[in-house]
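Encoded as structure tokens, here's the structure I'll be asking about.
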Amino acid sequence: MSKSVGAQIDKPSPPTAVRGVLLVAAAAVLWGTVGVASKFLYGTADVSPVFVGFMRLALAAPPLFALSLFRVGRRTFAFAGLELGAILLVGATMALYQLFYFTAVEATGVAIATLVTICTAPLIVALLAGAILGEHLAPLVIGALLMGVIGTAMLVGVPSDAGAERDAIIAGSTWALGSAFSYAAFTMLSRILAPRHHPFSLIAIGFGVGALLLLPFAASRVPETMPIQSLCLLLYIGLVPTAMAYMLFFSGMKHAGATVASIASLMEPLTATTLAWSLFDEYLGAVGLFGAALLIGAMALLARGSVMSRSGSDQRRK
């Protein structure tokens, strides 16, 4: 979960750019551990995806609210009219993202769930931006979309050595696509709200609303017993690769600029896939690996197209 919330980001100076890149890279690596931690959690306690999703948002929201109040004060809550409806939808998309993603991890493992979710989300955003906002689909974007479709199809069709049966892979990939669509909707709504609101406000309120929406469903699925290891994993998921990672990400974006978002885009699925491979023996096989490479390549192509588009806009303004 990353890269989407627009920010009021200053143009970086060369001495601080490296620091920004390192902060964004650290955030991306942390995001890449969410699926791995949740799979360990499923092995230590009888928890449901909706409970994990609720706890992630509920634990991350308070420190993000505190930081937003410190940064922008009461403007954290400055939503009215249509904007109020939009921020409530941001929370709804966050709730759906958690539910779909953690269900995908439970069904098919970390590698496929993360690759399909993280790598297809920006492609869906590009399609939605063209259809809803009228943004022109450049040749690079069209190429990225084609690569993404082919890569996803190859991942879904990987053999059973991926660590899951074929039906589970298809089911998990479907859940992952649901999380990708949810995150894409979150991104589009954030783009609309970003010019008037600080990114910490959007994240804090989005997480808070999402947690409240999941609360009725999570309350009926609280496990009877929770080992200390499971509690530690829940705390880790909510505080480290969520609250802390977003703090690192936005701090990095302030120093390095928007172009380094491509680093986060690539390192998150790479981290998750590498950890899943080494810790859980989630081997994708030759076809699956090629599909994963196509998906990550599609993200890189899309990021390059985005950077070129911004550069062209800057040149025209000059």
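Every residue, even glycine, has its Cβ placed from backbone N, Cα and C.
It should be emphasised that the depicted structure is a prediction, and the values quoted were computed from it without experimental measurement.
Quick paste of what TrEMBL says about this protein:
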DOMAIN    19-156  domain 'EamA'
DOMAIN    172-302  domain 'EamA'
TRANSMEM  21-42  transmembrane segment
TRANSMEM  48-70  transmembrane segment
TRANSMEM  77-101  transmembrane segment
TRANSMEM  107-130  transmembrane segment
TRANSMEM  137-156  transmembrane segment
TRANSMEM  168-189  transmembrane segment
TRANSMEM  201-222  transmembrane segment
TRANSMEM  228-249  transmembrane segment
TRANSMEM  256-277  transmembrane segment
TRANSMEM  283-303  transmembrane segment
Summarise the model's confidence over the domain 'EamA' (19-156) as a mean pLDDT value.
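Looking only at the domain 'EamA' (19-156), pLDDT averages out to 89.
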For the domain 'EamA' (19-156), give the DSSP counts of helix residues, strand residues and coil residues.
121 helix, 0 strand, 17 coil
Of the listed stretches 48-70, 137-156, 168-189, which one has the most C-beta pairs under 8 A with the transmembrane segment (228-249)?
48-70
How many helix, strand and coil residues does the domain 'EamA' (172-302) contain under DSSP?
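Within the domain 'EamA' (172-302) the tally stands at 116 helix, 0 strand, 15 coil.
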Given a Cβ distance threshold of under 8 angstroms, which distant residues of the chain, six or more beyond its ends, lie next to the transmembrane segment (48-70)?
34, 38, 41, 76, 94-95, 98-99, 101-103, 105-106, 198, 200-201, 203-204, 207-208, 210-211, 214-215, 217-218, 221-223, 234-235, 237-239, 242-243, 246-247
Mind checking which residues reach the transmembrane segment (21-42)? Cβ under 8 Å, same chain, six or more beyond either end.
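Residues packing against the transmembrane segment (21-42) from afar: 1-2, 52, 56, 101-102, 105-106, 109-110, 113-114, 230, 233-234, 236-237, 240-242, 244-246, 248-249, 251-253, 255-256, 260-261, 263-272, 275-276, 279-280.
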Count the CB pairs under 8 A between the transmembrane segment (107-130) and each of 77-101, 137-156, 168-189, 201-222, 283-303, then give me the winner.
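Looking only at 77-101, 137-156, 168-189, 201-222, 283-303, the most contacts with the transmembrane segment (107-130) come from 168-189.
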